[in-house]
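Pasting in a structure now, in structure tokens, and then I'll have a few things to ask.
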Amino acid sequence: MNACVLSVLCLLGAVAVLVEGVTVQDGDLSFPLESVKQLKDLREVQEPRLASHKKFAPRLLKPVAPQLCSQSAFPEALRPLCEKPNAEEILQRLEAIAQDPNTCEICAYAACTGC
């Protein structure tokens, strides 16, 4: 009987962790890992345009944060970072996680919780 109750509690705990998912935290902001993963797709769409500009006028490049934040496909959960003065830096850190989200899923990054 006790083993059955313990098994059910463990199963419920595992389900709770899976439902909540992995959270990425940067300072006072926290984001679902799934939203962070979407940055990679947005960035890949934007890369060809940025690469062509880099060849001709590397000094004229605009910050990436306003461009990403203005896209309609930008994840809603990440919108609060667009208001931050250091949004560019935050996006760079989140994009590093988005490039290899598996390391976050196993909590290799200190910023990832909920594994």
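Cβ from N, Cα, C; glycine included.
Keep in mind it's a predicted model, so treat the numbers as computed, not measured.
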Quick one: which of CYS82, CYS104 does Swiss-Prot link to CYS112 by a disulfide?
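If we follow Swiss-Prot, the cysteine bonded to CYS112 turns out to be CYS104.
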What does Swiss-Prot give as the disulfide partner of CYS69, choosing from CYS82, CYS107?
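That record, Swiss-Prot, gives the partner as CYS82.
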What is the separation, in Å, between the Cα atoms of CYS104 (disulfide bond) and CYS69 (disulfide bond)?
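Roughly 23 Å, rounded to the nearest whole number.
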Counting only other Cβ atoms and using a 10 Å cut-off, which of the disulfide-bonded residues CYS104, CYS112 scores lowest?
CYS112
Return the residues near CYS82 (disulfide bond), defined as same-chain residues 6+ apart in sequence whose C-beta is under 8 angstroms from its C-beta, sorted by sequence, else 'none'.
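Sequence-distant Cβ neighbours: ALA65, PRO66, CYS69, PHE74.
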Let's check the environment of CYS69 (disulfide bond): how many other CB atoms sit within 10 Å of its CB?
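So the number of other Cβ atoms within 10 Å of CYS69 (disulfide bond) is 15.
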